[in-house]
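Undergrad: Next up is a structure, given as structure tokens.
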């Protein structure tokens, strides 16, 4: 029996990226820098989150020409983003042959009621989450990989830390629940009880959970790995820094060797300025991308 497109295959593809760094790129040149630095995959888009935030307006799926340019430039997997709920954008990316689709809050949501039914696709999906309720709902919809939402395009790690800690704390709580407590918790979280039962049985999420949204330095990446991340997405942090090549290599090394503090200290020397960050407290509620999705 062919397993193409099954949860087993799609989750297995995501597992292969575990321990690695996935970098946002906007052209072939950046994609080659990411691959040379050791990225396990790249996310092809027209603008990094910091530029999307600055430009405002409606952010949509990237021009397929940009995505194909990146796909032709590198041998590592290529991801691309679609708007939340935009089934047709996802079908277009699947037709292009991308390796993963990110149903992303970085783009302007297309549907304020429904996320994409990811079970209908052969290509695996990655989705963001802030808590176990969001994580479980995305898994039930067919997500093969999760990531913290953080606050994209800010260079501020605080929200990614908050989301990773919250998900892991809620997992620990679920693991110790009785069946009746589990049913009540599912109702409280708005989560399918079947997914919570699987989490309880495994003692963890059934899919990998990467850190994303605010990673800007090697130390940020190492911190998220310490908190239990399975890997790291870096959006604006690399190509909005003063020295993208150095930052890319340093973040990859810090993610792999996140317990080697002497190495991280060495990696952090002479990098040049990190991307200019934003204090989350200064963002108006309507400018907080993490609030998108349900």
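Backbone N, Cα and C atoms are what each Cβ position is placed from, and that goes for glycine too.
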Undergrad: Say Swiss-Prot lists 153, 214, 235, 236 as binding D-ribose 5-phosphate: which of 24, 51 is in the same site, per that record?
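TA: So the D-ribose 5-phosphate site in Swiss-Prot includes 153, 214, 235, 236 plus, from the candidates 24, 51, 24.
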Undergrad: Once the chains shown are all counted, how many other Cβ atoms turn up within 10 Å of the Cβ of residue 214 (D-ribose 5-phosphate binding site)?
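TA: Taking all protein chains shown, residue 214 (D-ribose 5-phosphate binding site) has 30 Cβ neighbours within 10 Å.
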Undergrad: Compute the C-alpha separation of residue 24 (D-ribose 5-phosphate binding site) from residue 81 (active site, schiff-base intermediate with D-ribose 5-phosphate), stating it in Å without decimals.
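TA: Answer for this pair: 10 Å between alpha carbons.
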Undergrad: Have a look around residue 235 (D-ribose 5-phosphate binding site) and count the other CB atoms within 10 A of its CB, chains all included.
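TA: So the Cβ neighbour count for residue 235 (D-ribose 5-phosphate binding site) comes to 28.
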Undergrad: For residue 165 (D-glyceraldehyde 3-phosphate binding site), what is the tally of other C-beta atoms lying within 10 angstroms of its C-beta?
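TA: I get 13 for this one.
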Undergrad: C-alpha of residue 214 (D-ribose 5-phosphate binding site) to C-alpha of residue 165 (D-glyceraldehyde 3-phosphate binding site): distance in Å?
TA: 15
Undergrad: Going by Cα-Cα distance, which of the binding-site residues (153, 165, 235, 236) sits nearest to residue 81 (active site, schiff-base intermediate with D-ribose 5-phosphate)?
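TA: Out of the listed candidates, the nearest Cα belongs to 235.
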